[in-house]
Structures are given as structure tokens and as C-alpha cells.
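In TrEMBL this protein carries:
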- Gly17, Pro18, Met19, Phe20, Ala21, Gly22, Lys23, Ser24, Asp95, Glu96, Gly97, Gln98: ATP binding site (BINDING)
- Glu96: active site, proton acceptor (ACT_SITE)
- Cys159, Cys162, Cys197, Cys200: Zn(2+) binding site (BINDING)
- Tyr193: substrate binding site (BINDING)
Amino acid sequence: MLQTADRQGPWLTVVSGPMFAGKSEFLIALYRNLTEGRGRESEYIGVYKHALDKRYGEGEIVSHAGKRLPATPVGSAEELYTRIRSRGERVVLVDEGQFFLDADSDGRYVLVRVVSHLLGRGVWVVVAGLDKDFRGFPFGPMADLLALADERISLFARCAVCGAPATLTQRLVDGKPARVDDPLLLVGAEEAYEPRCRRCHRVEGDPQDARTTLFGFRAPDVSNPLTSG
Ligand SMILES: [Zn+2]
């Protein structure tokens, strides 16, 4: 029995880690515990995943170990919210949270606003996803969700090179490490991924360039009262 299975909303659980760490496996086990172990009514539990994840099936979450759970694919955070509201679900499991990259006009991730609304309505929200992209940078809305979470479940895999605990996802293109200025999402490209530890993780190019110029991770310009005259 998962300890996590007895939470009550409003509550935000974020399950994060690299690829092959067992995030989908965790969601599937949690769902089984909620419906079989604790007798929760399954119609009050929603299971969703971002439609961009088509690794196995459109309408289900499939773990790398081959376990399956029916899930509603959604293309945006707005669509996620609309469906949850219309169904009146009280517990919501969302897989592939990092793919909800849609932002509103002031540049904030819509998924973060949606999760805040759901918490305001007393929902227990569980979001699983990659906390870091292939370069090791915060992946989309996951960083904000981790900061807002009531509970963080941090999973790791085994490094494909040395066997140490792996917290990063290595992207390989034609067997070589991807470049730091490669697109964040490659759809249908010939790339492969494997879990790696920090010591073995490789990115071609200068990460500082991408961090400050391509993706706007620069900290806001706020003067420090301790140092400014
Ligand atoms: Zn390693």
C-alpha cells in the first residue's frame, strides 16, 4: 500500500524524475490503491496525459514495465481544466506534466494556474513528469509545480553508463549527445533517451548560452537592498 494513497484534497502531489524512473508506474500503482485498496469511487478519479506522448497508446498510460491504465489524452492545460470541471472529479492524476508548455499572455504556464484553481476547489491533484529536460534545465511548468507542491516524490533511475543513481535524461542523436541548442521537443525525430547520472550526462555546446539567451531563465532584475546604495 502506497503511503500516498490516503491524501485528501486540496493537496498537490508532484512525482518527478528522469525517464525510466518509474513515474507512470507510480501513477498506475496509486490508481489501483485508490480504487481497490481504499474503495474510492473510480468515477471521481480522473486520469489524464498530454496528447503529445504517443509512445505506446493514445488512450492509456503505459509504464516501461508494460502496465497500463486508461487515460484521457488532452492537448492543453485549458482542455484539461474543462474536462475535469465537467466531470466533477475530486482526485486527478496527470502524466507527462512537462509537455503542458502553453503559456498565457504574461508568460506564465497555464497548467500552474489550472492546478491552483483545482486546489481552490478542493481537488487532490497528482502531476507526474520530467523535472529536467535533456539539457538538465527545468522542464516547462514542472519547476513551479514542484515549488507549489504539498508533497514531492522524487524518483530516480540507474545510470545507463555507470549504474549510479540517475536524475538526468540523456538525449542521443545518432548515438551522440544532443546539442544544447537543439529543440526542446523533437517529434518523430531519430533520437534516443537513456537515464544518466550527473557525472555521465553530456550536452554538446555551452549550456550558459542556451540558459540565458534561448530560454529566458535569467533571474528578474531586482535590486538587492543589502548591496544597493
Ligand atoms: Zn553515470
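Cβ coordinates come from backbone N, Cα and C, glycine included.
Heads up, TrEMBL stuff is auto-annotated, nobody curated it.
Shown here: features listed in TrEMBL, placed on the structure.
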residue	record	DSSP class
Gly17	ATP binding site	coil
Lys23	ATP binding site	helix
Glu96	active site, proton acceptor	coil
Cys159	Zn(2+) binding site	coil
Tyr193	substrate binding site	strand
Cys200	Zn(2+) binding site	coil
Sparsest Cβ surroundings (other CB atoms within 10 Å) among the binding-site residues Cys159, Cys162: Cys162
Where the record names Gly17, Pro18, Met19, Phe20, Ala21, Gly22, Lys23, Ser24, Asp95, Glu96, Gly97, Gln98 as binding ATP, the maximum Cα to Cα distance in Å: 15
Fewest Cβ neighbours within 10 Å, where candidates are the binding-site residues Gly17, Gly97: Gly17
Distance, Cys197 (Zn(2+) binding site) to Asp95 (ATP binding site) (CA atoms, angstrom): 23
Zn(2+) site, defined by Cys159, Cys162, Cys197, Cys200: further same-chain residues with Cβ within 8 Å of the Cβ centre: Ala160, Val161, Gly163, Ala164, Ala166, Arg196, Arg198, Arg199, His201
Neighbourhood of ligand 1 - binding-site residues from Gly17, Gly97, Cys162, Cys197, Cys200 with Cβ under 6 Å: Cys162, Cys197, Cys200
Other CB atoms within 10 A, centred on Glu96 (active site, proton acceptor): 22
Distance [Cα-Cα, Å, rounded] between Glu96 (active site, proton acceptor) and Lys23 (ATP binding site): 9
Distance [Cα-Cα, Å, rounded] between Cys162 (Zn(2+) binding site) and Met19 (ATP binding site): 16
Length of the line joining the Cα atoms of Tyr193 (substrate binding site) and Cys159 (Zn(2+) binding site), in Å: 12
Top Cα neighbour of Cys159 (Zn(2+) binding site) in the set of binding-site residues Ala21, Lys23, Gly97: Ala21
Protein Cβ atoms within 10 Å of Asp95 (ATP binding site), excluding its own: 27
